[in-house]
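Positions annotated as domain 'PA' by TrEMBL: 104-175. Under the heading signal peptide, TrEMBL lists 1-31. Annotated transmembrane segment per TrEMBL: 203-223, 260-278, 284-306, 398-422, 434-456, 463-481, in sequence order.
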Amino acid sequence: MATARRAWRLPFVVAAAAALLVLLLACSAAADDASYDDDAGAPRTPGCSNKFQLVKVKNWVNGTEGATVVGLSARFGAPLPRDMHEAQKSFAVLANPFDCCSNLTSKLTNSIALATRGECAFTAKAKTAQAGGAVGLLVINDNEELYKMVCSENDTSINVTMPVVMIPQSAGKKLKGFLDHGASVEVQLYSPNRPVVDLSACFLWIMAVGTIVCASLWSELVACEQVDERYNQLTRKDGPNTGTNYSEDKEIFEISAKGAIIFIITASVFLLLLFYFMSSWFVWVLIVLFCIGGIEGMHVCLVTLLARIFKDCGQKTVQLPFLGEGICLMITVLQMARLPNIRVASALLSAAFVYDIFWVFISPLIFHESVMIAVARGDNTGESIPMLLRIPRFFDPWGGYDMIGFGDIIFPGLLVAFSYRFDRASEKGIINGYFLWLIVGYAVGLFLTYLALFLMDGHGQPALLYLVPCTLGLIVILGWVRGDLHDLWNYRKGRMENLVDEP
């Protein structure tokens, strides 16, 4: 019987480890931004020191407004107005020759030239168009990406006094097609600022903090003997009179220090595999699995809450012999995976701290881009991997999302949940305990993460860089000041379970 029970519990433990492995891969709070500043390969010289900015290209064909195109400004040229009402409408004219690399035969006076990429330097195209009387230049890229137009090493001094913007190939071909057929095309260029703070970041902050609080208090909120006995829909039945219930079979996956280090190394290898070999079909497999896990997790949470609320109602038992217990992506993982003490927490969070910083900040020096952010966004597939909490920006003219990785909730959440169990077992109050202060520390750390996003123009940040010091550092300092550090460091599983399970 003991062997059968261990075999039955094994898939649940493996599922926990697999869930944590996947969740770890999104440990960066990334954010899109209208700023694309990048000094790599972009020398700054007089007249060539602009900041790359996304540009809105509004257009009208024969007086009818078309879809707004998003372009990218060059390192050189005149700055663009921030407000649409300050931008001037100008007629678009095809450059002739179309590459805009030699003397033009088309009349460009007070017009915006439309030219294709290639054959000569971007600065040469701009100088040619400006010499022809153009008031702006739209360069059509040879693909859908927005290439950063920079100056060459020979361009020591550039005097381009009009804006130069690159647009995607599809948008450029569409505008060229209208002009080839004799249509009148007007263009308006501007680059609006985004708000300093969007409500989406506030909602995301509340969601992240609320998830950790809910997961830490979940067992206190819904766990009771009546629920476990009356609702056993997903309990395996070994026989008609086994008497086995969920509370007896509940498996706790306790993380060890050695396992934490091995886990981080394994996650790094898996992250590299995703970076090099990820395809659209694999992303869709992950999406489907997350949908299934999310549905089952929601089912388990709702059933538990409803069983708690309506515990005096009748019951209906259903045997599901092959499904086992459901998996809740956030709350269930934090309930199932536990840190036994601060010693293991230090090993796990310190390793995750280094992991996050390396794959966000240091990996671009080796792989030429941030591996963490590229995998989380699904850059090679066009599909976003479901490893992030994302909320669309409500008042941002550029749209986009504010986001936080699941790992930025899971890893600090494990420590916060431990602090709650420790406070309960040690009979500590709210003020002299650790749970409340770690919640505050996590909230402050998450605020610092978004502050760093703002100060660094929206470039992806390793959130654990701020969250680990504000949680692990806080509990270590508080424990040392209060004289509890030895107990926190050497906390024993057996003593914890005996104290927590007391009525």
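Just so you know, glycine gets a Cβ as well, placed from its N, Cα and C.
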Do the transmembrane segment (463-481) and the transmembrane segment (398-422) share at least 3 Cβ pairs closer than 8 Å, excluding pairs fewer than 6 residues apart in sequence? yes
Averaged pLDDT score, the domain 'PA' (104-175): 85
Using DSSP, how many residues in the domain 'PA' (104-175) fall into helix, strand and coil? 17 helix, 14 strand, 41 coil
